[in-house]
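> Not my notes, these are from TrEMBL:
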ACT_SITE  His85  active site, electrophile
ACT_SITE  Glu133  active site, proton acceptor
BINDING   Asn6, Leu7, Lys8, Ile138, Gly173, Ala194, Ser195  substrate binding site
Amino acid sequence: MFVLVNLKTYPCDPVAVAEAVRDVDESTDARLAVAPQAADLARVAETGVETWAQHVDPIEHGSNTGHTLAESVADAGAVGTLINHSEKRLKLADIDGSVQAAERAGLETVVCANNPEQIGAAAALGPDAVAVEPPELIGTGTPVSQADPDIVEDAVEAADNVDSEVSVLCGAGISTGDDVVAAGDLGAEGVLLASGVAKADDPQAALEDLVEPL
Ligand SMILES: O=C[C@H](O)COP(=O)(O)O
(Lines of atoms letter the chains of each structure in order from A and count residues from 1; the text may use other names and numbers.)
(Lines give C-alpha, C1' and ligand atoms only; values in the text may rest on other atoms or scores of the structure.)
Protein backbone atom coordinates (compact mmCIF):
# COMPACT_ATOMS: atom_id res chain seq x y z
CA MET A 1 0.00 0.00 0.00
CA PHE A 2 1.03 3.57 -0.70
CA VAL A 3 0.39 5.94 2.20
CA LEU A 4 0.65 9.58 1.09
CA VAL A 5 0.50 12.08 3.94
CA ASN A 6 -0.68 15.53 2.84
CA LEU A 7 0.30 18.26 5.31
CA LYS A 8 -2.04 20.82 3.67
CA THR A 9 -1.43 24.10 5.51
CA TYR A 10 -1.78 22.57 8.95
CA PRO A 11 0.36 24.24 11.65
CA CYS A 12 2.61 21.22 12.12
CA ASP A 13 6.41 21.12 11.87
CA PRO A 14 6.87 19.73 8.33
CA VAL A 15 10.41 18.54 9.00
CA ALA A 16 9.41 16.72 12.20
CA VAL A 17 6.52 14.98 10.42
CA ALA A 18 8.81 14.18 7.49
CA GLU A 19 11.36 12.59 9.83
CA ALA A 20 8.58 10.53 11.42
CA VAL A 21 7.35 9.38 7.99
CA ARG A 22 10.92 8.52 6.98
CA ASP A 23 11.57 6.53 10.16
CA VAL A 24 8.30 4.60 9.96
CA ASP A 25 8.91 3.94 6.26
CA GLU A 26 12.07 2.07 7.21
CA SER A 27 10.07 -0.35 9.39
CA THR A 28 7.29 -1.32 7.00
CA ASP A 29 6.73 -2.87 3.58
CA ALA A 30 4.28 -0.07 2.83
CA ARG A 31 5.45 2.88 0.73
CA LEU A 32 5.23 6.16 2.65
CA ALA A 33 5.53 9.72 1.37
CA VAL A 34 4.75 13.24 2.56
CA ALA A 35 3.37 16.27 0.70
CA PRO A 36 4.31 19.55 2.40
CA GLN A 37 3.57 23.07 1.22
CA ALA A 38 5.66 24.20 -1.75
CA ALA A 39 7.76 26.48 0.46
CA ASP A 40 8.78 23.49 2.60
CA LEU A 41 9.62 21.02 -0.18
CA ALA A 42 13.40 21.37 -0.09
CA ARG A 43 13.88 21.05 3.66
CA VAL A 44 11.43 18.15 3.79
CA ALA A 45 13.22 16.39 0.94
CA GLU A 46 16.53 16.88 2.77
CA THR A 47 15.28 14.50 5.49
CA GLY A 48 15.41 11.69 2.96
CA VAL A 49 11.66 11.05 3.01
CA GLU A 50 9.82 10.52 -0.29
CA THR A 51 8.54 14.02 -0.97
CA TRP A 52 5.53 15.09 -3.02
CA ALA A 53 4.16 18.48 -4.01
CA GLN A 54 0.54 19.38 -3.29
CA HIS A 55 0.07 21.01 -6.71
CA VAL A 56 1.79 22.10 -9.91
CA ASP A 57 0.42 24.54 -12.46
CA PRO A 58 -0.07 23.87 -16.19
CA ILE A 59 2.75 26.17 -17.20
CA GLU A 60 6.31 26.31 -18.53
CA HIS A 61 9.17 28.64 -17.64
CA GLY A 62 8.08 32.20 -18.41
CA SER A 63 5.68 34.94 -17.37
CA ASN A 64 3.70 33.12 -14.70
CA THR A 65 3.92 35.13 -11.48
CA GLY A 66 2.70 33.28 -8.43
CA HIS A 67 2.47 29.92 -10.17
CA THR A 68 4.14 26.64 -9.22
CA LEU A 69 6.45 25.30 -11.92
CA ALA A 70 6.80 21.52 -12.08
CA GLU A 71 10.54 21.73 -12.78
CA SER A 72 11.08 23.87 -9.66
CA VAL A 73 9.17 21.36 -7.57
CA ALA A 74 11.36 18.57 -8.93
CA ASP A 75 14.52 20.61 -8.36
CA ALA A 76 13.43 21.08 -4.73
CA GLY A 77 13.43 17.32 -4.30
CA ALA A 78 9.84 16.26 -4.99
CA VAL A 79 9.33 13.02 -6.91
CA GLY A 80 5.60 13.39 -7.39
CA THR A 81 2.68 15.75 -7.15
CA LEU A 82 -1.00 15.84 -6.30
CA ILE A 83 -3.17 17.52 -8.92
CA ASN A 84 -6.74 18.78 -8.53
CA HIS A 85 -7.01 18.16 -4.80
CA SER A 86 -10.51 18.93 -3.55
CA GLU A 87 -9.06 22.04 -1.89
CA LYS A 88 -7.25 23.10 -5.09
CA ARG A 89 -9.70 22.28 -7.86
CA LEU A 90 -8.79 22.90 -11.49
CA LYS A 91 -10.62 23.09 -14.79
CA LEU A 92 -10.38 19.92 -16.89
CA ALA A 93 -8.00 21.54 -19.36
CA ASP A 94 -5.76 22.66 -16.51
CA ILE A 95 -5.73 19.19 -14.95
CA ASP A 96 -4.57 17.88 -18.33
CA GLY A 97 -1.94 20.61 -18.54
CA SER A 98 -0.72 19.97 -15.01
CA VAL A 99 -0.36 16.24 -15.67
CA GLN A 100 1.67 17.06 -18.78
CA ALA A 101 3.80 19.58 -16.89
CA ALA A 102 4.48 17.07 -14.12
CA GLU A 103 5.44 14.36 -16.60
CA ARG A 104 7.71 16.81 -18.43
CA ALA A 105 9.52 17.37 -15.11
CA GLY A 106 9.69 13.67 -14.30
CA LEU A 107 7.17 13.83 -11.46
CA GLU A 108 4.80 10.99 -10.59
CA THR A 109 1.17 12.12 -10.63
CA VAL A 110 -1.93 11.50 -8.51
CA VAL A 111 -5.04 13.27 -9.82
CA CYS A 112 -7.73 13.69 -7.17
CA ALA A 113 -11.46 13.53 -7.88
CA ASN A 114 -14.69 13.65 -5.91
CA ASN A 115 -16.53 10.62 -7.25
CA PRO A 116 -16.22 7.62 -9.60
CA GLU A 117 -17.46 9.57 -12.65
CA GLN A 118 -14.70 12.15 -12.21
CA ILE A 119 -12.22 9.33 -11.54
CA GLY A 120 -12.94 7.94 -15.00
CA ALA A 121 -12.34 11.34 -16.57
CA ALA A 122 -9.15 11.81 -14.55
CA ALA A 123 -7.85 8.37 -15.53
CA ALA A 124 -8.35 9.26 -19.20
CA LEU A 125 -5.74 12.01 -18.81
CA GLY A 126 -3.04 9.40 -18.20
CA PRO A 127 -1.78 10.07 -14.68
CA ASP A 128 0.08 7.42 -12.72
CA ALA A 129 -2.76 7.27 -10.19
CA VAL A 130 -6.07 8.80 -9.23
CA ALA A 131 -7.44 9.39 -5.74
CA VAL A 132 -11.13 9.41 -4.90
CA GLU A 133 -12.08 11.66 -1.99
CA PRO A 134 -15.68 12.51 -1.06
CA PRO A 135 -15.30 16.16 0.02
CA GLU A 136 -17.88 15.85 2.77
CA LEU A 137 -15.73 13.29 4.60
CA ILE A 138 -12.42 15.15 4.37
CA GLY A 139 -11.11 16.06 7.81
CA THR A 140 -14.00 14.41 9.62
CA GLY A 141 -12.24 11.33 10.98
CA THR A 142 -15.02 9.26 9.40
CA PRO A 143 -13.15 7.00 6.96
CA VAL A 144 -14.34 6.77 3.37
CA SER A 145 -13.44 3.08 3.38
CA GLN A 146 -16.11 2.45 6.00
CA ALA A 147 -18.61 5.32 5.49
CA ASP A 148 -18.85 5.00 1.71
CA PRO A 149 -17.21 1.76 0.54
CA ASP A 150 -19.19 1.76 -2.72
CA ILE A 151 -17.50 4.96 -3.87
CA VAL A 152 -14.10 3.29 -3.53
CA GLU A 153 -15.13 0.12 -5.35
CA ASP A 154 -16.86 2.14 -8.08
CA ALA A 155 -13.80 4.36 -8.46
CA VAL A 156 -11.57 1.31 -8.88
CA GLU A 157 -13.92 -0.03 -11.56
CA ALA A 158 -14.18 3.36 -13.29
CA ALA A 159 -10.41 3.75 -13.51
CA ASP A 160 -9.93 0.16 -14.62
CA ASN A 161 -12.49 0.61 -17.41
CA VAL A 162 -10.48 3.53 -18.76
CA ASP A 163 -6.90 2.44 -18.13
CA SER A 164 -5.94 -0.57 -16.04
CA GLU A 165 -2.44 0.90 -15.59
CA VAL A 166 -3.79 3.79 -13.47
CA SER A 167 -3.64 3.01 -9.75
CA VAL A 168 -6.45 4.09 -7.44
CA LEU A 169 -5.99 5.66 -4.02
CA CYS A 170 -8.77 6.71 -1.69
CA GLY A 171 -8.85 9.39 0.94
CA ALA A 172 -10.92 11.26 3.52
CA GLY A 173 -11.12 10.48 7.20
CA ILE A 174 -8.52 7.73 7.17
CA SER A 175 -6.58 7.61 10.44
CA THR A 176 -6.11 3.98 11.54
CA GLY A 177 -4.57 0.78 10.26
CA ASP A 178 -8.04 -0.75 10.03
CA ASP A 179 -9.08 2.09 7.69
CA VAL A 180 -6.10 1.39 5.44
CA VAL A 181 -6.77 -2.35 5.40
CA ALA A 182 -10.42 -1.66 4.53
CA ALA A 183 -9.29 0.56 1.65
CA GLY A 184 -7.07 -2.22 0.33
CA ASP A 185 -9.88 -4.74 0.61
CA LEU A 186 -12.00 -2.46 -1.60
CA GLY A 187 -9.33 -2.47 -4.29
CA ALA A 188 -7.42 0.72 -3.50
CA GLU A 189 -3.65 0.52 -3.89
CA GLY A 190 -3.05 3.36 -1.49
CA VAL A 191 -4.51 6.03 0.74
CA LEU A 192 -4.28 9.81 0.79
CA LEU A 193 -4.60 11.22 4.28
CA ALA A 194 -3.87 14.36 6.24
CA SER A 195 -5.41 15.24 9.59
CA GLY A 196 -4.92 11.80 11.14
CA VAL A 197 -1.16 12.39 11.04
CA ALA A 198 -0.61 16.14 10.56
CA LYS A 199 -2.90 17.04 13.47
CA ALA A 200 -1.91 14.14 15.73
CA ASP A 201 -0.20 14.90 19.04
CA ASP A 202 2.34 12.22 18.11
CA PRO A 203 2.55 11.87 14.29
CA GLN A 204 5.03 9.00 14.50
CA ALA A 205 2.72 6.96 16.76
CA ALA A 206 -0.21 7.70 14.43
CA LEU A 207 1.82 6.47 11.46
CA GLU A 208 2.99 3.37 13.29
CA ASP A 209 -0.66 2.52 13.96
CA LEU A 210 -1.52 3.13 10.31
CA VAL A 211 1.05 0.75 8.92
CA GLU A 212 0.99 -1.85 11.69
CA PRO A 213 -1.43 -4.23 9.90
CA LEU A 214 0.21 -3.84 6.48
O1 LIG B 1 -5.27 15.05 1.15
C2 LIG B 1 -5.86 14.48 2.05
C3 LIG B 1 -7.29 14.36 2.11
O4 LIG B 1 -7.95 15.55 1.78
C5 LIG B 1 -7.84 13.70 3.34
O6 LIG B 1 -7.76 14.53 4.47
P7 LIG B 1 -8.12 13.90 5.88
O8 LIG B 1 -7.24 12.69 6.06
O9 LIG B 1 -7.81 14.99 6.87
O10 LIG B 1 -9.56 13.54 5.85
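Positions of Cβ are set from backbone N, Cα and C atoms, glycine also.
The shown structure was predicted, so the numbers you read here are calculated from the model rather than taken from an experiment.
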> In the structure shown, which of the binding-site residues Leu7, Ile138, Ala194 has the fewest Cβ neighbours within 10 Å?
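Candidates: the binding-site residues Leu7, Ile138, Ala194. Fewest Cβ atoms within 10 Å: Ile138.
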> Given Asn6, Leu7, Ile138, Gly173, Ala194, Ser195 as the binding-site residues, which ones have a Cβ positioned under 6 Å from some atom of ligand 1?
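By the Cβ criterion, which requires under 6 Å to ligand 1, the hits are Asn6, Ile138, Gly173, Ala194, Ser195.
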> Round to a whole number and give the Cα-to-Cα distance in Å for the pair Gly173 (substrate binding site) and Glu133 (active site, proton acceptor).
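Per the Cα atoms, Gly173 (substrate binding site) and Glu133 (active site, proton acceptor) stand 9 Å apart.
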> Checking the contact step here: among the recorded positions Glu133, Ile138, Ala194, which have a Cα within 10 Å of the Cα of the residue listed as 'active site, electrophile'?
Glu133
> CB neighbours of Ser195 (substrate binding site) within 10 A?
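The answer is 19 other Cβ atoms.
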> So among the recorded positions Lys8, His85, who's got the most Cβ atoms within 10 Å?
His85
> Check each residue in the chain of Glu133 (active site, proton acceptor) that is at least six apart in sequence and keep those whose C-beta is under 8 Å from its C-beta; list them in sequence order.
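Correct list: His85, Ser86, Cys112, Ala113, Asn114, Val144, Cys170, Gly171, Ala172, Leu192.
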> Tell me which residues of the chain lie with their Cβ under 8 angstroms from that of Asn6 (substrate binding site), as long as they are six or more apart in sequence?
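The list for Asn6 (substrate binding site) reads Ala35, Gln54, Leu82, His85, Leu192, Leu193, Ala194, Ala198, given in order along the sequence.
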> Let me make sure I understand the span of the substrate site: among Asn6, Leu7, Lys8, Ile138, Gly173, Ala194, Ser195, what is the greatest distance between any two Cα atoms, in Å?
14
